[in-house]
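Below is one structure, written out as structure tokens; comments come after it.
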Amino acid sequence: MEPSPATGGSETTRLVSPRDRGSAGGGLRLKSLFTETSEPLPEEPKPVEMPFHHCHRDPLPQPGLTPERLQAQKQLGAACAVCCVFMAGEVVGGYLAHSLAIMTDAAHLLADVGSMIGSLFSLWLSTRPATRTMTFGWHRSETLGALASVVSLWMVTGILLYLAFIRLLHSDYHIEGGAMLLTASIAVCANLLMAFVLHQAGPPHSHGSRGAEYAPLDEGPGEPLPLGNTSVRAAFVHVLGDLLQSLGVLAASVLIYFKPQYKAADPISTFLFSICALGSTAPTLRDVLRVLMEGSPRSVGFEPVRDTLLSVPGVRATHELHLWSLTLTYHVASAHLAIDSTADPEAVLAEAASQLHSRFGFSSCTLQVERYQPEMAQCLRCREPPQA
């Protein structure tokens, strides 16, 4: 089969005998001819990052963990290692001392280990890119990790509260005061070390977006804790609860060491400080539920965002305004902007997105621009939602 003449760079073939080509053998062979085109093939365009005035306000994110999350990963890993070592020591010490309070503290450390491992996994999972199924990526896994940390503490504390109540009803137990005192002292040092590792010192800072900065999860008088990651904060609060319990256990161990007849201090300290540990998780649980329920960010109000959009030249009205968060520092907004017939839609879109990004630190904004119609004022779906 020999190529037939063709035009335009196409290819055809036909069967030929080897004798026609002066070669040995009686079989037939396939011959191909690739004719070169007169013009080279066009090169595929390479993806480039668009300038700042394009719809994406932030630079192209780099793969892997951000500096804040990388720091959180290191802190959680170091704290998890410390927790494992001292948890094993408390299990041995609690067994030798026959102390429920020591075993309670060890169980809380076990919950700490599980929650920190879950947080490390969620940090790794959150670096995966967005897909057509998970269009926002995996950012919310960080919030789920914090929720798992809180729930695990509540479950373990509930079991230990039950055991403490049983000990208060029955006094048939003996406690070794010396072993309990030594173990409780080591436990306090361990919790102080973990709290130091998990605490992020220094003022809040950002890298190009206010939405990525260290944001406090709890507002109140005084300086807020500058914790930059939900999982780190949940683990930090977890350790603070354990530290309070360890101090209570230490006080009880001193009392039992010098006054063995007051052995009831062991279950009493377990009961009191377990309740304190449960109360310390309430702010974290509240913030996590606010994120999971698609609530507006605590640091961003509905009215200021609406007024900012209305202040953009050419905007007559706004509706379908939605504010929510993927994490406590990743805020998202979407809205419809009704503009005058003489307004430039591209200019309005650019100005509105710039205002939301610069003033409120939204990480993602989706704005729909449409012509203003008088009937929008009476439309039920265009009305603002009532205040909660």
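Backbone N, Cα and C define each Cβ position, glycine as well.
Unlike curated records, TrEMBL annotations are generated automatically.
As written in TrEMBL, here are the features:
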type	residues	note
DOMAIN	79-293	domain 'Cation efflux protein transmembrane'
DOMAIN	300-372	domain 'Cation efflux protein cytoplasmic'
REGION	1-46	region 'Disordered'
TRANSMEM	76-97	transmembrane segment
TRANSMEM	109-126	transmembrane segment
TRANSMEM	146-166	transmembrane segment
TRANSMEM	178-198	transmembrane segment
TRANSMEM	235-258	transmembrane segment
Of 76-97, 109-126, 146-166, whichever stretch has the most CB pairs under 8 A to the transmembrane segment (235-258): 109-126
Residue numbers, six or more beyond the limits of the transmembrane segment (146-166), whose CB comes under 8 Å of its CB atoms: 100, 103-104, 107-108, 110-111, 114-116, 118-119, 230-231, 233-235, 238, 241, 267-268, 270-271, 274-275, 277-278, 281, 284-285, 288, 292
